[in-house]
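The following features are taken from Swiss-Prot:
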- Cys445: heme binding site (BINDING)
- Asn146: N-linked glycosylation site (CARBOHYD)
- Asn258: N-linked glycosylation site (CARBOHYD)
- Asn425: N-linked glycosylation site (CARBOHYD)
- 11-31: transmembrane segment (TRANSMEM)
Amino acid sequence: MTMAALDVFNVPYSVPLLGSTVVILIGFIAIKALRVGSRPKGLPPGPPTEFIWGNTKQIDLFYPQYQYRKWAQQYGPVYTVMLGDTAHVVVSGLRDVRDIFIKQGASSQNRPPSRFQLLMRDGFFPGLNNGEKWRQSRRMWQAVLNNSAAKQYLPYQELETRQLLFDLLRAPTEWRDHIERYSNSVAMTMVNGRRIIDAADPRVKETIQDLYDLAETGVRGAFLDSWPFLWKLPEWMFPVCRQARKIAAKHREYIWRNYSDVAKRTSQGEVLPSVNHAIQEKLKQGWPGVSEIEGAEIGHHLLTGTTDTTASTLINWVAAMCLHPEAQKKAQEEIDRVVGPNRLPTDADAANLPYVQQVIQEAQRWITAVPLSLPRAANAPVHWGKYTIPEETGLIMNSHALHNDPDIFPEPDKFKPERWEGKPNASSNGDAQLLFTFGAGRRVCPGQHLAERSLFLVISHWLWGFDTLQATDDDKNKIPIDKDDLRPGFIVCLNPFPAKITPRTAQHRELIERIWKEELEVSLDESQQWKATPEGIARLLERVGK
């Protein structure tokens, strides 16, 4: 060391220099600390923040959509909230959603860092990943779920709808379980090549609980992503991380069990074409950058999304029919004119049943199954008015506020299917989009076409065959249904409520029984599994596996 260097430590220079350095360092740390929870400069304004907490304590984190809607009324269609020390821009205006998520979709397609939620999925969950991992998953989903491909699954959906009608005859009070079996069976047959023949099958609840665990525990552990510096501390300090790892192990066992069952049946020559079988074939041929457990997760992603979104929307629709019998009656009158009592509705009837379609659209608006879509993040600067939203800033599509905006939907609390007259394509991803159940832009739900067909088939058949009434107690008083009594999560639906489901006539009952008996004899084997995969599905999945 040179004498000049040593001079730094000599008195009288060393003490003032060291003191100044410490003061500057403490000041820098203090300034940084005082800014924790405060809104960064240059972002759209929003509600006042609190030191450290930001806006976190002002929000019910299990039901944030309600507070976000109130703030939209106060601060405008685009505002910024601070969840801890992370900024999120909440977008609630129709024009603004179209601008930020559709027109600027190339810059608003990422997911924000979700390290805690990814902890519950061993680091890989396609819907929360970015970059090449997400693109690989998306390409697979698009191949099996694009508009043309989704049409091929119609035989699966028709058969499951017919069982649903029969199940409603057999056990009408268990209507919620029948809905969940329907949606899970369509998904299971697609993904694993095996039907769910009974609502008591534990895989139905297991599938729904798997996604609920991710959502519910994700809220409890969200503070770790809200204050990212906490990840620098040992994981053992946070009990919620232990819970997350337990959920990850449970999830891994579940998806691997389904995936391995397909491989086992393939080796025994019993497999039917399925998404997981196509994934396994693709992996055998070499799928760069995708491991086998990741392949299993890509397939499972379709299973959970298809099951829960469809089931939740149908459950919410049942409540709408209980509370709005006039809409139900009008839809049934239309079905009676077009279909009549001597046959079931078909997918081809959709164009001739505009009011039924409007009922379906209104049900999705009235209670939005995915009220905040899934959070996004800017992957490039996003421009809104005079503001530039920088890369990595969180973006929240406030579908709940959009669907309850009185300027777009007058009297939004009322169930009015007529508001959708002349708007059959309101959910189509684009500049004219009005309905955002499935999101918008580059991250729109890939299963939208399949889900919309399921909603039409189930609702048109249900209206054709059954009356749905509000249940009554022993004193004949109607049992209330609160449309805000929701199960929390990414995907919301009403908590359990009773409904009275009865066949419309003996003629409707007889036709339901006869058609299901024919399905058992013609389409299904003695274990009520498909005797053979419909040709269109087999060809599609064979192509995907190459």
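Each residue, glycine too, has its Cβ placed from N, Cα and C.
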So which one is it: of the glycosylation sites Asn146, Asn258, Asn425, which has the fewest other Cβ atoms within 10 Å? Asn425
Calculate the distance in Å between the alpha carbons (Cα) of Asn258 (N-linked glycosylation site) and Asn146 (N-linked glycosylation site), and round it to a whole number. 24
Students should find that the Cα atoms of Asn146 (N-linked glycosylation site) and Asn425 (N-linked glycosylation site) sit apart, in Å rounded to an integer, by 16
May I ask for the distance between Asn425 (N-linked glycosylation site) and Cys445 (heme binding site), taken between their Cα atoms and rounded to an integer number of Å? 16
What is the number of other Cβ atoms found within 10 Å of the Cβ of the residue listed as 'heme binding site'? 22
